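Novice: I am attaching a structure below and will ask some questions about it afterwards.
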Amino acid sequence: MSENKVKSSENIAMLENRLGISRRSFLQLCAAMAATMGLPPGADAAIAAAVASKKRPSVIWLHFQECTGCTESLLRAEHPTLEKLILDVISLDYHETLFAAAGHQVEAARRLAMKENKGKYLLVVEGAIPTKDKGIYCKIGGQTAIDMLKECAADAGAVVAIGSCSSWGGMPSTGPNPTGSSSAGEVLGKVIPNIPGCPPNPYNFLSTVVHFLTFGKLPEVDHLGRPKFAYSRLIHENCERRAHFDAGRFAMEFGDVGHRKGYCLYKLGCKGPETYANCPAILFGDVGNASWPVGTGHPCIGCTEKGIGFTKPIHALADLKNVTPPLGFPRIVEEQGSGATIASVAVVAGAAGAAVGAAAAMAHNLGKVTVPPPENPGKSEAKKEPERAEP
Ligand code: FSX
Ligand code: SF4
Ligand code: F3S
């Protein structure tokens, strides 16, 4: 075993004691983070070595206009190691919610941490920044949010916006936006890494920080500053209800037969088809299967997506972004599970802007999805659902 591997192994043993978690759980978590970020084989070992080495980057965490849900979701994660790991991986030198100190004392701690870690600290911004009337609607320690953000960003090694509020304005920026809420990137005048979501998934934040710690840089981002590993796919692409969408089986009302059977929530306003995030893939809260909005029976409201979440009405239909064949679907009045007429599918596919070939592909798919309901084998689902209404 090389010297480095021995050192890393010793560090992991120390980390086991520090966090009270098994070596196996820790290595599993590192492997999960590597997989979440789509890193190549071997990256999990590099992550484990970096996290266990205890080179903790100083983190200054700012709070502006928000509900503190980002911090809450991070620290209330069910996974026993997550909170401990975050607080172990970073040196949290300023955080208004978690600090016991207050007033001048805590502002002095922030300035000291910034001075001692000049050019190296990670600045995390939670919450939107009110820009109207010279920013007077949010002041901390006598400073406006605008001034505080600019001061802290000036000497930071990297700046990350956590949550939709700091990423694109989020809930506080909803019309008529009386305080002129803006994103951290807008105030700083540049694209910065954003981890949107209201709240964002704690694993996406942890993975981003661990990437910074392991490789000395933040992960690759898209044109909106979102890490590609987490925001490059539409929710609709990985949704467990997608087969129902493709087959034209929709819940029409909360609590109806379709809703109870787990059918697609598109007709209830699900914004999965126009929202980029990895929610269906990594879930929330570590409480098992289906622990994400759509999994629990609520349509996605598009909380990660500017112009969708808190902007588009909850029950408005999502725009279908893909024009690939599965996006053609039969009218809801067709008999479910017994196939759709080519014409009916073609009409809807045409309206959705899908290719003409969608009709044939959809009809083909429908032939594969007829499953007799277990409680009443032998009967078609269509006969059991007279309450389905014309859309
Ligand atoms: Fe709240 Fe964070 Fe939403 Fe905003 O999350 S969960 S309002 S994104 O800044 O605290
Ligand atoms: Fe899932 Fe929503 Fe797409 Fe339906 S519309 S498949 S519920 S993401
Ligand atoms: Fe938000 Fe939709 Fe995911 S509401 S948490 S982007 S499923």
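Just so it is clear, glycine is given a Cβ too, placed from its N, Cα and C backbone atoms.
Caution: TrEMBL annotation is automatic and unverified by curators.
Source: prediction; values computed, not measured.
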Novice: Looking at TrEMBL, which one out of CYS30, CYS198, CYS239 binds [4Fe-4S] cluster 1 in the same site as CYS67, CYS70, CYS165?
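Specialist: It is CYS198, as the record lists it for that site.
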Novice: Given that TrEMBL annotates HIS236, CYS239, CYS264 as [4Fe-4S] cluster 2-binding, name the residue from CYS270, CYS303 that shares the site.
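Specialist: Candidate in the recorded [4Fe-4S] cluster 2 site: CYS270.
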Novice: Closest to CYS70 ([4Fe-4S] cluster 1 binding site): which of the binding-site residues HIS236, CYS239, CYS300, CYS303, going by Cα position?
Specialist: CYS303
Novice: Through the lens of DSSP with three states only, how would you label CYS70 ([4Fe-4S] cluster 1 binding site)?
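Specialist: In three-state terms, CYS70 ([4Fe-4S] cluster 1 binding site) counts as helix.
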Novice: Quick one: Cα separation, CYS300 ([3Fe-4S] cluster binding site) versus CYS270 ([4Fe-4S] cluster 2 binding site), in Å?
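Specialist: Computed Cα spacing between CYS300 ([3Fe-4S] cluster binding site) and CYS270 ([4Fe-4S] cluster 2 binding site) is 5 Å.
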Novice: Sort the binding-site residues CYS239, CYS264, CYS303 by C-alpha distance from CYS198 ([4Fe-4S] cluster 1 binding site) and give me just the closest.
Specialist: CYS303
Novice: Out of CYS70, CYS279, give me whichever of these binding-site residues has the highest number of other Cβ atoms within 10 Å.
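Specialist: Sorting the candidates by Cβ neighbours within 10 Å, the top entry is CYS70.
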Novice: Could you check the binding-site residues CYS67, CYS239, CYS264, CYS270, CYS300 and say which one's CB has the fewest neighbouring CB atoms inside 10 Å?
Specialist: CYS67
